[in-house]
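Engineer: Residues or ranges marked as Mg(2+) 1 binding site in Swiss-Prot (evidence: sequence analysis): 34, 87, 159, 161. Per Swiss-Prot, the feature DNA binding site maps to 47, 71, 159, 232, 234; the stated evidence is sequence analysis. If you look up Swiss-Prot, you'll see 180, 182, 234 marked as Mg(2+) 2 binding site, on the strength of sequence analysis. Residues or ranges marked as compositional bias 'Basic and acidic residues' by Swiss-Prot: 359-368. Annotation source Swiss-Prot lists region 'N-domain' at 1-105. The region 'I-domain' annotation in Swiss-Prot covers 123-254. What Swiss-Prot lists as region 'Interaction with PCNA' is 341-349, and the listing cites sequence analysis. Summarising the annotation, Swiss-Prot assigns region 'Disordered' to 356-376.
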């Protein structure tokens, strides 16, 4: 679900934290991608002309495999080095949110049955999107596909967003990539949004600089996490009637969520807000501040050459994809992975203070310097 209204608050109060990129601008960058979010997007977006999901001859959904295969190839062809992070076991505190989502899916399934006779395609699609979730089997299939493609992945101990942020913070990757704004609660160096859908929707990729965001909001990490909980997160409900503008104002006035709760409880005559009974906001904060993760320096990230025969066996013989297209995609991937070792230009140079002019290097010197390997 993410954090309600956070994106707009950052744009308003910390505009310098935002940068917009095209895919080509991220050439040479290593990125940790929230795999669960990707699978959800592909299950919704990758459809046949009649609006139905792609399926094999046996009727098994294959939209997630199509999206993961072709989108990953596109990322690698653009010079990125993607790795994926899958969700592990969800925190106990998230159970309430997951139960709400289940009820919404059940309600949507009922609406779909009612609309099958009289509803339009658009109406059916609206409710069908609410029923989408990646199953355990689909997650396992995506992992198998990535392994055959030579693309690294790991399974997080718990939340994938927290693990992506840790990898970015540890320098294993440049940024965490997810649509969930609560990734920022886990302190990534950078967050990339719309990375896996930007080209299809003709929209830019948003980069949020974590430190610039805190500076613009004039908050430390603890206060920022308090703000996110007050806005509404996956771990607990929020205070009814408190929207983004009010949440920001309350945090600025009182300094912390503890102080806000205390003020509301001690001054019921001065405010219309009521703190939810047994509100586990402090437990939610601890999950953000001290998430269950694998330390970045314990994670080995390596890209390998794709297993073409394995891809044909899995994607063509088992899942019914076109052999010509799978082989073509595998060759593109192989070529792009070999070409990706060039690195970024900013990995070759260090910015230094200006000094007295020196002679220009001749062509031979320039050629020699051009062969210097990037650090990363």
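Cβ atoms here come from the backbone N, Cα and C positions, even for glycine.
A quick note: this is a predicted structure, and the numbers were derived from the prediction, not measured.
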Engineer: Give the residue counts of the region 'I-domain' (123-254) per reduced DSSP state, in the order helix, strand, coil.
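Structural biologist: Within the region 'I-domain' (123-254) the tally stands at 69 helix, 15 strand, 48 coil.
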Engineer: So what sits near residue 87 (Mg(2+) 1 binding site) in its own chain, CB-to-CB under 8 Å and at least six residues off in sequence?
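Structural biologist: Residues satisfying the criterion: 35, 36, 155, 156, 158, 159, 160.
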Engineer: Which has the fewest other CB atoms in a 10 Å radius around its CB: 34, 159, 180, the listed binding-site residues?
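Structural biologist: Among the binding-site residues 34, 159, 180, the sparsest Cβ neighbourhood within 10 Å belongs to 180.
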Engineer: Roughly how many Å lie between the Cα atoms of residue 34 (Mg(2+) 1 binding site) and residue 180 (Mg(2+) 2 binding site), rounded to a whole value?
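Structural biologist: Approximately 9 Å lies between the Cα of residue 34 (Mg(2+) 1 binding site) and that of residue 180 (Mg(2+) 2 binding site).
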Engineer: Using C-alpha atoms only, work out the spacing between residue 182 (Mg(2+) 2 binding site) and residue 161 (Mg(2+) 1 binding site) and round it to an integer in Å.
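Structural biologist: So the alpha carbons of residue 182 (Mg(2+) 2 binding site) and residue 161 (Mg(2+) 1 binding site) sit roughly 8 Å from each other.
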Engineer: What three-state class does DSSP give residue 87 (Mg(2+) 1 binding site)?
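Structural biologist: Its secondary structure by DSSP: coil.
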Engineer: Identify which of the binding-site residues 71, 161, 182, 232, 234 has its Cβ surrounded by the largest number of other Cβ atoms within 10 Å, counting every protein chain shown.
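Structural biologist: Compared across 71, 161, 182, 232, 234, the most Cβ atoms within 10 Å surround 161.
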Engineer: Filter the binding-site residues 71, 180, 232, 234 down to those whose C-alpha lies within 10 angstroms of the C-alpha of residue 161 (Mg(2+) 1 binding site); answer none if the list is empty.
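Structural biologist: Final answer, ordered: 180.
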Engineer: If you measure residue 71 (DNA binding site) to residue 180 (Mg(2+) 2 binding site) at Cα, how many Å is it?
Structural biologist: 19
Engineer: What is the average pLDDT across the region 'N-domain' (1-105)?
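Structural biologist: Taking every residue in the region 'N-domain' (1-105) and averaging pLDDT yields 83.
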Engineer: Taking the Cα atoms as reference points, how far is residue 232 (DNA binding site) from residue 180 (Mg(2+) 2 binding site) in Å?
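Structural biologist: Between the Cα atoms of residue 232 (DNA binding site) and residue 180 (Mg(2+) 2 binding site), the distance comes to 12 Å.
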Engineer: Quick one: Cα separation, residue 234 (DNA binding site) versus residue 180 (Mg(2+) 2 binding site), in Å?
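Structural biologist: The separation of the Cα atoms works out to 10 Å.
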